[in-house]
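Below is one structure; the comments refer to it alone.
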Amino acid sequence: MLKTKLNVLTLRKEPLPTVIFHEPEAIELCTTTPLMKTRSHTGCKVTYLGKVSTTGIQFLSGCTEKPVIELWKKHTLAREDIYPSNALLEIRPFQVWLHHLDLKGEATVHMDTFQVARIAYCTADHNISPNIFAWVYREINDDLSYQMDCHAVECESKLEAKKLAHAMMEAFKKTFHSMKSDGRIHRNSSSEEVSHEFESDDG
């Protein structure tokens, strides 16, 4: 059975399908069975700790430490011995999807979408726990004003948190190059210069 993963929305009925690209959406195509749209999440199971507003324009190393401590304290107030994964974090080239799961940790109850271009900073380096991955997101309000929110998730291990940081870095680079080729970034800069705000320490 030959399977090909494509970003596809429209197919024409021809021996070899003609692909028209739109918004990225994972669809699995199988040449020996009828075409079926499947939604298989390939993200990382995490425990979503929540979000808290933060201030600042430039975000440097350590800027998420205080917000993460606040979120961690709120989380531990539940006084539960075991914190089951309640979400699935899926990092894609231009978007980050946070699937909130049901009590069984299986089906998606609802999903939050984050535009990679609005993520100002991310890191998996926190003193309170090496398993926490956090990112600062520019949220646009209804009146077109914006606020900076720090979101945090607890991963199953330090390695998983580091993997998310690296995945976010790659997603940012792809988004940056796409915006630059589209003319939406006019300043003379490189992805390396801008992406210094993305911490992905391997230590």
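Just so it is clear, glycine is given a Cβ too, placed from its N, Cα and C backbone atoms.
Where the annotation comes from TrEMBL, it is an automatic prediction and has not been curated.
For 116-176, the entry in TrEMBL reads domain 'PID'. Under the heading region 'Disordered', TrEMBL lists 182-203.
Per-residue confidence over the domain 'PID' (116-176) averages out at a pLDDT of 93.
Under DSSP, residues within the domain 'PID' (116-176) fall into helix, strand and coil as 22 helix, 23 strand, 16 coil.
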